[in-house]
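K.L.:
Structure in structure tokens, see below.
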Amino acid sequence: PIFMMVMTGYIFPSGTSLKNIALGVVENDKGEISQNIVTVLENMKLGDKNDSIFLLERQPGNLEGAKQELKKGNLNAILIIPKDFSSDIEESRQGILTLIIDQSNPQISSILTGMMEKIVDGLASNVAVGKLAEMMTKQLSTGKTLPFGSTIQSSPGSSPNPQALIKPFVIKTEGLVPGEQNYFQFMAPGIIAMVVVMAVMIGLAASISREKELGTLDGILVAPISRLCIILGKALSQTTRGLLQGSIVLLLSIFLFGVKIYGSIPLVVLLLFLGVFSFIGLGILISAIAAEQETAMMIMMTLTFPMIFLSGVFFPVEQMPGFMQIISRILPLTYAIEALRKVIILGAGISSLGRELTILVTFGTITLGIAVPAFKRIITR
């Protein structure tokens, strides 16, 4: 209970805001108003601190490239400034900015959407006041006043949109993929990865340590097969069990809670397998160290319980304080969950998962390279 209280207290700190938001800006307009908006976003700071709220990445006219960066996780959102945005506002036509959000992280996207709406409303109000002041100045300089009930003409033969005078520009929000995303859509990939990985780790440690405790492992070791084959057999059986459990959770998520898979199902299976691969070595190492099943379970729970909270299963990693984010980036489960979210929610392909795949394979190879020789040496004693 104390651990959970501390974790939730840090994950939901009071009085904090998002900072260093990676915002891609697709500039299709080079007018003065567009450039002013970009400049304001670049110079926004968080409270009394010198932390930037936005880290802008300008991508003039390259919307598809920005979308790929969003799928890879290099951007948190994309702001699109349409063509002729500044000229439309100058001619009293309402301009429309578009914000494309990362639906794999609905909590952060919701906060970001609210922030952008407030910022754009404030900027639009300033532009509206400036335009009205300019119009009044022109009227006073010419000595003419408008009769009651007349309309202001932006150009001969045309009348401006009254809404554009009050709100010269607005922002609308779109998702990278169609449809509304809910919190369970965000949580489902994390639960699936957690179930598979934890089932394999705990099952592997429990089965080997139990056989050590009962003495049946000695009988297996004298069989005419290598110790490597024994380890592989144990690992494969637990992997199969974990993947079956993950498949059940995935099917329940689809049929009971309406979770949609926008990406490739074979790629989902591959990611689950790599998630298991990255943790098998750790399970083998713990089972080799522990003298009995109870010790193995205690070590395993000590490792897995914090991992559930720190890997982003239930809460976005970006919402955690800095030191927790550093810890979460060490855990391979974090990358397995992020990769699954990209595939299931954003429909990302394997080309967008380079970082996650590399980390999972590297971590699994290193831990197996340590665990297998250590297991052989400890068992031989």
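The backbone N, Cα and C atoms fix where each Cβ goes, glycine too.
Remember, TrEMBL labels are computer predictions, not curated facts.
Copied straight from TrEMBL:
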DOMAIN    153-378  domain 'ABC transmembrane type-2'
TRANSMEM  186-208  transmembrane segment
TRANSMEM  243-262  transmembrane segment
TRANSMEM  269-290  transmembrane segment
TRANSMEM  296-317  transmembrane segment
TRANSMEM  357-375  transmembrane segment
K.L.:
Please give the sequence-distant neighbours of the transmembrane segment (243-262): residues at least 6 beyond its ends with Cβ less than 8 Å from one of its Cβ atoms.
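P.N.:
Residues 177, 179, 184-185, 188, 191-193, 195-196, 199, 268-269, 272-273, 276, 343-347 contact the transmembrane segment (243-262) from elsewhere in the chain.
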K.L.:
Spell out yes or no: are there three or more C-beta pairs under 8 angstroms between the transmembrane segment (296-317) and the transmembrane segment (357-375), with each pair 6 or more apart in sequence?
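P.N.:
Answer no, regions not in contact.
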